[in-house]
Structure formats: structure tokens, C-alpha cells
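Visitor: Here it is, the structure, as C-alpha cells.
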């Protein structure tokens, strides 16, 4: 229940009536079935998540069975308290992955049916799942095949850097190459990359086992933590991946997180996501997707990539900068409601006048969403008691955000 962020108000157990009706063991027997009654406060999504966790955790359930979940009281979602991390250690709870294009089940995945690839991927994901705050990141012995896939992508993309990528990316990538943080021959270790990132902007990479929920991903950015996968795309399709992989993280995101302006912008967006409604999280994540993952800007009258999804995939980088897809001016309010394609090349890309223009618009839009959330909260107030509770919640949330911001400023100055 805690993992699913369900608040329990009352717990009661009793011998199961159904067990008695079946003529089962007496209530004094340790083998008899029991009903567990919970009075709790949660959203529908949180209850469903809790039920999923209970049914999966056979070790905790032992002889128990779930009979039903009774909805005794409907709670207005505007009045429910949305959990968010208030300390970097609580990112241990921000690890809920979204299942998409798994090689075990989806024939569209390039690794579908490759048992060795699936086994290797599971091993790396299990290591990531075990990682907790304070742990030293594991040193991974990558295979020669994985190093070869990395090298093929690295060298292929080098051919397009001058003609297809923005100036900020090229400058930061060159520094990382000069410092030997990123090289063509071997896959860098995450903990080595972190040493460089923390010196430059205070950002760090944290292992995760796949595509995170938008809320967990954005919340991590608030603490200058970027959740990164550790597996590589399938060797049969090195120049396009339908999901984030280590190549995407290292070649796409790391050079951009090395830039102080981009790092600050990402943290700002993360801070503004803390405690936001599901609707606003979706909009923030969509805008982030279209500009930080697949965004373009104009430099010298030409289209240049600023999004990590383009900077790490030769095929889509060529596609995005060509005349084939549609291109629209980047306006966050419009971008936020645009549907995106996450299994193939995008049919539409948003273009900013410059990378600084994109960041300014993105930050302004995020602040607008936060203000809208506050106004919505006060519109639900019906009494002085409600007003006091609302001010208390707002004060706690702002204190948490300020605390996180202060921690980040200290880490950067050090």
C-alpha cells in the first residue's frame, strides 16, 4: 500500500465468512482464511496499482486471497494529496516503469525472439532495480557485441554532427570527447560519466529498468537526477530504437545536461511537476518530449537537432531535418496537446527559433501550469477550514520545492 501511495486509515481482520461457509478450518487455526478490511484514501489509479502489487507479491500474501475492493467513498481528485519526493533518497520510490515494446512479447521490437538479448537485458534491468540511494553504481562488463553496437552508432552520428546538430550540443560533446568521457571504442561506465556531469552542472545519472512514468521521471529532474537505462538497443537495428537505451542516454542527453542553461531548465521543469495534477503532468511531459527529446531549432537558416532522441539515432535525425515530415513553430500550449508517435519516426516536429527561445518558452509555460493548479485548488474552497488546509498544503509543497532548489544550488557551487 505504501509503495502505491495509498493512505491507510484503519485495518481490521476477521475470520473469513466464505471459509466458514465452505466448512474450512476454524478461526483458531493458523491455516484458516481471513478477510482484511481496509479503510483508505487513494485515487482509482493508486488502488489499481496496489491491487496489482498484492497479486504479484506471493511471498507476502502466503495463503491469503484478494476477494474484493469495495469503494466506500468517492474522493474529489482536487482534494486528494498527491505524493512527491521531498528528499533525493525518496527517488527510490520513483521507479514505476511503463511497459512498451518489450522484446519478450512485442514482435515490433528488434530483439523479439532473441533469447540471448532478452536474457542480457533482464540481467541489466535487475541490477538497476536493486539500486538504492547511497549505493555505488555497479561496474558493468559490456560484451564485445555491445561495444560494437555502440561504436557503429557513435561513428555514424559523427558524420552528421556539423550539418544536423545544434551548436550547444557540438560544443559540449567536443569537451566530453577531449576529456575522454565519451569515446568511440568502449561504452562509458555510468559512474565515470557522473564524475564529469557533477562537476559541470551537478546532474547525475541513476540506473533504472526502463521507460518511467512521466511523473517519476520529471520528479527526478527536480533533484538533478536523470533516470537512465543500462541496456543497449538490439545490434540488428543500431540506428533507431523505439525506446530509450543507454546509447540514447549517453550520446543524446549527457552532452545537453553538461550545459548549465539546459541543466537549470530541466530542473525547473522537474520542480514545477512536483505535486502537479495528472492532467498537467501529461502536458508537461508531452512538451518535454517534443522539445527535449525530438525538438529542432533554426541555426543559419537550417534545421538543427536539439532533442536527444534525434541526436542518438542516425535514421530519425536525417528524417527530422528533411522535407518529409511536417514542421511547426514551437508553441508550448499547442505542443502540449499534440499526439506523438513513439514506435516509429515522428510525422511532425516542432521548431524553435533558437535553443534559448525554446527554453524560455518551456519555462514560462511550466510556470503557467503551476499557477493554474493553484487557482484550481482555491476554487474548491468552501469554508475557512478548507482555506486553512489549502494554505497548509501549499506551504508544505513550496517548502519542499525551495528545499530541493537550495540543495541543488549548494551542490553546483561545490
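Placed from the backbone N, Cα and C atoms, the Cβ positions cover glycine too.
Note that the coordinates shown come from a computational prediction; the quantities given were computed from them, not determined experimentally.
Take a look at what TrEMBL says about it:
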BINDING   248, 253, 293  Fe cation binding site
COMPBIAS  11-22  compositional bias 'Basic and acidic residues'
DOMAIN    69-414  domain 'Biopterin-dependent aromatic amino acid hydroxylase family profile'
REGION    1-32  region 'Disordered'
Visitor: Per 10 Å Cβ neighbour count, which of the binding-site residues 248, 253 ranks highest?
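Guide: Selected residue: 253.
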Visitor: So for residue 293 (Fe cation binding site), how many other CB atoms are inside 10 Å of its CB?
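Guide: Other Cβ atoms within 10 Å of residue 293 (Fe cation binding site): 22.
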Visitor: Need one number: mean pLDDT over the domain 'Biopterin-dependent aromatic amino acid hydroxylase family profile' (69-414).
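Guide: That stretch averages a pLDDT of 85.
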Visitor: Excluding 248, 253, 293 themselves, which residues in that chain have a Cβ inside 8 Å of the centre of the Cβ atoms defining the Fe cation site?
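Guide: Not counting the recorded site residues, we get 244, 249, 252, 292, 307, 308, 309, 311, 312.
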